[in-house]
Amino acid sequence: MPAEPMDGSTGFKPDSNHDGVTRRIAVGTALGHASAESTRETVTTADALANGSADGPAHGSQDIAELRRAFRRKYRHVEAIHSSSKPSCLSHDATETPSFLGFRNLMVIVLVAANLRLVIENIQKYGVLICIKCHDFRRSDLQLGLALYLLIPCHLLIAYLLELVAAANARASRATAKKRHGSSSPTEDQAREFQRTWRVLRVLHAVNVSAALAVTSYVVYAHVHHPLIGTVAEVHAIVVWLKTASYALTNRDLRHAYLHPTRGELDALPELYHHCPYPRNVTFANLVYFWWAPTLVYQPAYPRTPGKVRWLFVAKRLGEVVCLSAFIWFASAQYAAPVLRNSLDKIATLDLVSIVERLLKLSTISLVIWLAGFFALFQSFLNALAEVTRFGDREFYEAWWNSESLGMYWRTWNKPVYQFFRRHVYSPLRSRGWSHMASSTIVFLLSAVLHELLVGVPTHNMIGVAFLGMFLQLPLIILTARLEKMQSPNGKLLGNTIFWVSFTIVGQPFAALIYFYAWQAKYGSVSRAMAQGQPPTCPAV
């Protein structure tokens, strides 16, 4: 009889029914083991907590954490999601201010998308408006611009010759002076001689710097037609005018300290000046360095960068100047010019709603052009010039875009000009007893005159818009100064908002519209339409 297969341990013969029962028993046993294991883990952790509490708070906290983890693994649906009181992220009760980096990225994307749409719309309406041959660069303009560029620095050379004579007289006076209290002090006759010499020098310097600005302004206004060439010449004349004034005023004070020293006064001069004391600073090489240095404030010596000139750095910065200049030219011709041309009939008919619409449309492109110009001049060109001259102090601007007031903006966006007016105008007036408001008014008055010359002379329209736009900054400065001093962030936010609105919408676009209209009224389509007795018409944008 054949042997039947038997179970190895019990001799039981399995069949299909027994297999199902066996599987159910095995699953139940496994679940029971898992539950028991979880229970044992919990009990073991609880026992460890009870037994280990005497080991110290460190072991106790670890055991509590382990017990909680084991509890959560066993009971998944009882975790306390709302375990404490917490405010909303944007609520005033929030303990930490959230980061708005994502919103900043969103705004950049929206700005790029919106302007990309304008680019496509502009190309569809006007096509490509870039035309090199269309610019009216007259030969006489180029010749006069080059002549002015070469002749304007001669006024700085004249100031050097005047100071050279004054330095020679100072040496002679100092050599014959008597020793008093360990310092050389001139007699009363010599002091009167110094004052008489300074009065003559003051008149000569005033005539020299005034001629530098007056002659250039006359030539540009009367004989240079193209506004770009005129602007370059006028900027050069203003820069040399400011440098010449600083050179004369600084050497006057150094000469006074040299001839009228009191005990310890010469030692109180800035330590940097000891490397080139007066009158050894009155040299042609020193003057040439000041002429090329990226500053408007004269010093006998400046901080210098160590090592050699980084010509690769210079090439990169000059490359940025070229690329940004090309971008400014492209943006002006392709986008700004159509908006300006299509605004002429609105200005002629005083359609205020349409004028406001054109201002808003012009504000974006004018801001982009201004920012590109700012970066090209203050970041790229001045850094390249500073690297070539190894000029150490390269803080040509600060974070003006975060300005909490108009005053902060004017103090931080163009530091060379701010430093000149603070050193040579504001501080001397304050030392003479003038109030802060009166001194600031004089500073803005002079700055307004220079702005009108810079804009009105090249465009051949001295209409006072640039002057008023600069001088009327004072009320806004007074208003936003109070917001800047507020402790709450809302005041500073409001001040920054006022700055951007006045800068982006009210300021530059309005001035661009007015001067463009004045230029067209004098030379362009508006003047021709007026001559024909018809209002100027332009295609709609």
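Just so you know, glycine gets a Cβ as well, placed from its N, Cα and C.
Taking TrEMBL as the reference, the stretch among 322-341, 462-481 described by the feature transmembrane segment is residues 462-481. When Cβ-Cβ distances under 8 Å to the transmembrane segment (433-450) are tallied for each of 146-170, 200-221, 367-386, 462-481, the top count falls to 462-481. Count of Cβ pairs under 8 Å against the transmembrane segment (367-386): among 146-170, 227-249, 462-481, 493-518, the largest is for 493-518. Non-local contacts of HIS451 (active site) by the CB criterion (under 8 A, 6+ apart in sequence, same chain) comprise ALA466, PHE467, GLY469, MET470. Scored by C-beta pairs under 8 angstroms, the transmembrane segment (146-170) has its highest count with 227-249, from the stretches 227-249, 462-481, 493-518.
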